[in-house]
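Engineer: To start, I am sharing the structure in question, which I have written as structure tokens.
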Amino acid sequence: MRAGDETETSIMRPQYPGDDIRPTSKKELAGWYSYGWAAEVFTVCAMGSFLPITLEQMARDRGVLLSDKVTPCSATLNGPSKTSTQAQWTLSSRYYAGGPTVVSQCVVYIFGVEINTASFAMYTFSVSVFIQAILIISMSGAADHGSHRKLLLVAFAVIGSVSTMLFLGVVPKIYMVGAVIAIIANTCFGASFVLLNSFLPLLVRHHPSVLRGAREPPPALDGSRAQEGHSDTTNDIDHGVESNATSPLLHAHQGNSENAEADMHPATPITVSQELKLSTRISSFGIGIGYIGAIILQIVCILVVIATNQTTFSLRLVLFLIGLWWFIFTIPAALWLRSRPGPPFTTTHQGKHTRSWIGYMAYAWKSLYRTAVRTRHLKDILLFLAAWLLLSDGIATVSGTAVLFAKTQLNMQPAALGLINVIAMVAGVLGAFSWGSVSRVFNLSASQTIIACILLFELVPLYGLLGFIPAVKSLGFLGLQQPWEMFPLGIVYGLVMGGLSSYCRSFFGELIPPGNEAAFYALYAITDKGSSIFGPAIVGIITDRYGEIRPAFVFLAILIFLPLPLMLLVDVERGKRDALALAAELQPSGAQTYGTLPANEDRAPPSEL
């Protein structure tokens, strides 16, 4: 160990056996960013573009027309490798009755049940989300306790990436195998990202800029020290990856180690604000890196599809490339991320089967119940999760509704829809990197920045509703009457996604009781993924009722607006104090706590659990 590292580790004392108290290094941050670069391509390029198309196309190759339930949807059923996506579009477009060209509906029979091929991918996604939720809950105990956090992250990454690569061998005759592989891949992706998110509060808590700020004199009343600390944080994040990745972020400091523990987390609003800003910047940088990787691979995949004549094999080939990208760039994360073991089970949980995987799973489900009970007494986490439930549902529903609207009512071709996806991703990168500057220019807090994103997001359904106004409708454009209007809305959607993805994740991390990261991020992920089934279902009902999608914009406008009053009620300072108090209360008698409680020693602990 380097001399500098030895000095650094003396600043803090281990709080439990195996506690990794080393300051966050540049190499460790690079490993965290690397996994975002590796895995974000799956959700953007696979789930957002090629995976649904591949599943639908393979089911279509084995399906029949809904209109007569006899005519095969594919004219080259026995030669799936020669089935051109463009040819399928042309063939299917022959069957429509007046008005704009609409792709004909095809059905397949699975265990005797008639299923629309367009719904096949959606059902596959729903099943994967259900399994994903169970898996996330079950593995949270092993992630929070012991040294399994990194092991699980790497394991899920390998299984998910290899599963995605296996699409290369899936042909339409075994399209159900493709559905199973998609379920495995999406489940592993979601679980791995929950584990990645659980590293974020730990990286922030041990970040040198936080430790440095904790050792310096209290801030002046004019906030000059807070501004200086913020500047240091900015410098560390902006140059952390570019500098020598093998060295610690912070060089050695002199200090009295006996008083270090009391100094590590001084409970002042300035420290809380500094950690939140740092968490937001790391999260934003990670999201931005992930989007950049997704854009690069998306362009490569589009070129591959064109070069291979847009066949069904082309779609399977790009899924292989997505899985290969995911696998290769997981390697730096596996090498550079530290395990950061969590606290061991307390004596009340230690038994013969405690350390077995069954014991971890049983403990995890009990912990979920306890987490839900504790959340009821953490007002700000409860408010935020309620807002996030609605907001994430709105994000997922707007994305799917917009694509469906563009296809069926604006008659946009697949290439144009792919271009919208690229534009949205570019805007997402800009959003991830620019919202921090916007918040500084306008002096916005993290919650206020999230609120600004919600207000901007609200413009999307409101713009679609303009099409109901007779004066606008008579113009023939505006209010989503022309295909080109989807492109600026894609920019708005991307900017909003870049901001919400980074700010919401880091904002929630500041409200989590230390030592319970994986459990609470599991709740965060379940709230995120579990909500996505409701919005699309309601949009489907509205569409069936009125015969078109545009009336669903009313529902979307309401859905996006509802999180706004909830976010206005969230107080991050109060939430941080409650989280630290709860963490201290949950520790067994005489154990070290994860940080220092607020200076107000007379403050009562949270309500009885």
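Every residue gets a Cβ built from N, Cα and C, even glycine.
Per Swiss-Prot, the features are:
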type     : residues : note
TRANSMEM : 95-115   : transmembrane segment
TRANSMEM : 117-137  : transmembrane segment
TRANSMEM : 151-171  : transmembrane segment
TRANSMEM : 176-196  : transmembrane segment
REGION   : 214-238  : region 'Disordered'
COMPBIAS : 225-238  : compositional bias 'Basic and acidic residues'
CARBOHYD : Asn244   : N-linked glycosylation site
TRANSMEM : 287-307  : transmembrane segment
CARBOHYD : Asn309   : N-linked glycosylation site
TRANSMEM : 317-337  : transmembrane segment
TRANSMEM : 381-401  : transmembrane segment
TRANSMEM : 415-435  : transmembrane segment
CARBOHYD : Asn443   : N-linked glycosylation site
TRANSMEM : 450-470  : transmembrane segment
TRANSMEM : 487-509  : transmembrane segment
TRANSMEM : 522-542  : transmembrane segment
TRANSMEM : 552-572  : transmembrane segment
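Structural setting of the listed features?
Structural biologist: Outside the transmembrane segment (117-137) by six or more residues, the chain places 47, 51-52, 55-56, 59-60, 63, 73, 105-108, 179, 182-183, 186-187, 190-191, 194, 364-365, 368, 522, 525-526, 529-530, 532-533, 536 with a CB less than 8 A from a CB of the stretch.
Counting only same-chain residues 6+ beyond the ends of the transmembrane segment (176-196), those with a CB under 8 A from a CB of the stretch are 32, 35-36, 39, 42-43, 46-47, 51, 54-55, 58, 110, 120-121, 124-125, 127-129, 131-132, 135-136, 139-140, 143, 149, 152-153, 156-157, 159-161, 163-164, 166-167, 170, 323, 518, 521-522, 524-525, 529.
Within the chain carrying the transmembrane segment (287-307), a Cβ under 8 angstroms from the stretch's Cβ atoms is held by residues 33, 36-41, 44-45, 49-50, 314-315, 317-318, 321-322, 325, 329, 418, 421-422, 425-426, 428-429, 432-433, 498, 501-502, all 6 or more beyond its ends.
Every protein chain shown contributes to the tally, and the Cβ of Asn309 (N-linked glycosylation site) ends up with 13 other Cβ atoms within 10 Å.
Here the transmembrane segment (381-401) has long-range neighbours at 48, 375, 454, 457, 460-461, 493, 497, 500, 504, 507-508, 511-512, 520, 523-524, 527-529, 531-532, 534-536, 538-539, 549, 552, 556, 559-560, 562-563, 566-567, 569-570, 575, 579, meaning same-chain residues at least 6 beyond its ends whose C-beta is under 8 angstroms from one of its own.
Remote same-chain residues near the transmembrane segment (415-435) are listed as 44, 48-49, 284-285, 287-288, 291-292, 294-295, 298-299, 302, 403, 406-407, 449, 453, 483, 486-487, 490-499, 501-503 (criterion: CB distance under 8 Å, separation of at least six residues from the stretch ends).
In the three-state DSSP reading, Asn443 (N-linked glycosylation site) counts as coil. Sequence-distant neighbours of Asn443 (N-linked glycosylation site) (same chain, six or more apart, CB under 8 Å from its CB) are absent.
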Engineer: When you scan the chain for residues with a C-beta under 8 Å from the transmembrane segment (487-509), skipping those not six or more beyond its ends, what do you find?
Structural biologist: 197, 200-201, 204, 276, 279-280, 282-284, 286-288, 291, 381, 384, 388, 391, 395, 398-399, 402, 419-421, 423-435, 446-447, 449-450, 452-453, 456-457, 459-460, 463, 480, 517, 520-521, 524, 572
Engineer: Which state, by DSSP, holds Asn309 (N-linked glycosylation site): helix, strand or coil?
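Structural biologist: The three-state answer is coil.
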Engineer: State the non-local partners of the transmembrane segment (450-470) in its own chain: residues 6+ outside its ends, Cβ under 8 Å from one of its Cβ atoms.
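Structural biologist: Hits for the transmembrane segment (450-470): 391, 394-395, 398, 402, 405, 435, 438, 444, 478-481, 485, 489, 492-493, 495-496, 499-500, 503-504, 507, 550, 553-554, 556-557, 560-561, 563-564, 567-568.
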